[in-house]
Amino acid sequence: MKVLAVLYNGFKAAIEEPRLLGTVENKLGMDKWLASRGHEFVVTSSKDGPKSDFEKHIVDAEVLITTPFHPGYLTRELMEKAKNLKICITAGVGSDHIDLNAAVDHKIQVLEVSGSNVTSVAEHAVMSMLLLVRNFVPAHEMIERGDWQVSDIARNAFDIEGKTIGTIGAGRIGYRIMQRLLPFNPKELLYYDYHEIPPEAESAVNCNRVGTVEELVSQCDIVTVNCPLHEGTRGMINDHLLSTFKPGAWLVNTARGAICDEHAVARALASGQLRGYAGDVWNVQPAPKDHPWRSMKNPLGGGNGMVPHYSGTTLDAQARYAAGTRSILQNYLDGKPQVHQNVIVGTGKYETTSYGIH
Ligand SMILES: NC(=O)c1ccc[n+]([C@@H]2O[C@H](COP(=O)([O-])OP(=O)(O)OC[C@H]3O[C@@H](n4cnc5c(N)ncnc54)[C@H](O)[C@@H]3O)[C@@H](O)[C@H]2O)c1
């Protein structure tokens, strides 16, 4: 059996740090195990275009392993060429780089390691709120430059305490963010999700549900995006929705870059309609050198908290998603049932209701 994995190159770091399991070099720690079972394991970072290893090997692979950090985009067209493909495993959380509707049609299962990095992402989202609201990045840059002018930083620095904060999507990550924000004494925690949080969980974080995304963003000082990318969320944060935000709000998106219109966000930041934007996810990964989110700024020269996609790939998270990927593959090889919460698309149908209601 051929198992194809598309991972990112770790280069020197991966050789020096074997816990960088999600890299081409360290192969999710699965190469010896798969070889001992007699399987062919092809691991590559070459993922884009007809000459890529991905397109070359997908034609006869039975198992595809990808990560959201260096996504191998499995389109409907590629799926049609992938005659042997039975199962796609996402080493991590978020399988939007696989055409899920096409996977349903082709009876290809899609699984992810649910929960494996949700705490890692929740921590990053809270950190991003803090660094935006407290105007941290320009303050640090000032220090590196050798300057010292407190008023230039303090004129745009605030506290999280007393702010209204809302999450679009209140699943594993969205809920964990609210749990972590509670001790900061926000004025109010709000969420918008078509799934209702159970009443006891809602009262544990003292949050309130609102009926529409517009209702959420118009009330919030800080908005955070924590829903998957699917037909109903692609481009959701566009010029129109941004115009309904409270002027000067902060936006944190560690979910998926394409949920936001990249140019609309850059425009809103430049005009001051957004005071800040932070996150680690981009509509194209790796992001091109001239991507507007690399250099966009608010009118005071700050408000950009963008980093490469790494919030969910801390070393702690890598240990969890590597183990989870192996256990999904082991179940597949042994013909055992999968843990239901990991199944995004089962054979011929969606098993999750997180990617829109199907
Ligand atoms: N940056 C990273 O490294 C990283 C890591 C893990 C996950 N993620 C992203 O975060 C997403 C959420 O992860 P999770 O574990 O919390 O998933 P989850 O399935 O537990 O929760 C997602 C929630 O979003 C809700 N939702 C779906 N569509 C919505 C919409 N249109 N409006 C409002 N809510 C909607 C769902 O009902 C669900 O409650 C993932 O799909 C992935 O894209 C990013």
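Each Cβ is built from the backbone N, Cα and C atoms, and glycine gets one as well.
As given in TrEMBL:
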- VAL93, ASN117: substrate binding site (BINDING)
- 172-173, ASP193, 228-232, THR254, ASP280, 309-312, SER354: NAD(+) binding site (BINDING)
- 38-338: domain 'D-isomer specific 2-hydroxyacid dehydrogenase catalytic' (DOMAIN)
- 127-298: domain 'D-isomer specific 2-hydroxyacid dehydrogenase NAD-binding' (DOMAIN)
- ARG256: site 'Important for catalytic activity' (SITE)
- HIS309: site 'Important for catalytic activity' (SITE)
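It is 8 Å from the Cα atom of ASN117 (substrate binding site) to that of SER311 (NAD(+) binding site). Within the same chain, residues at least 6 positions away in sequence whose Cβ sits under 8 Å from that of GLU231 (NAD(+) binding site) are GLY356. All protein chains shown were included, and the count of other CB atoms within 10 Å of the CB of VAL93 (substrate binding site) stands at 26. The number of other Cβ atoms within 10 Å of the Cβ belonging to SER311 (NAD(+) binding site), over all protein chains shown, comes to 23.
Spatially close to SER354 (NAD(+) binding site) yet at least six residues away along the chain are GLY171, CYS227, PRO228, ILE344, judged by Cβ distances under 8 angstroms.
Counting other Cβ atoms within 10 Å of each Cβ, the lowest count among the recorded positions ARG172, ARG256, HIS309 belongs to ARG172.
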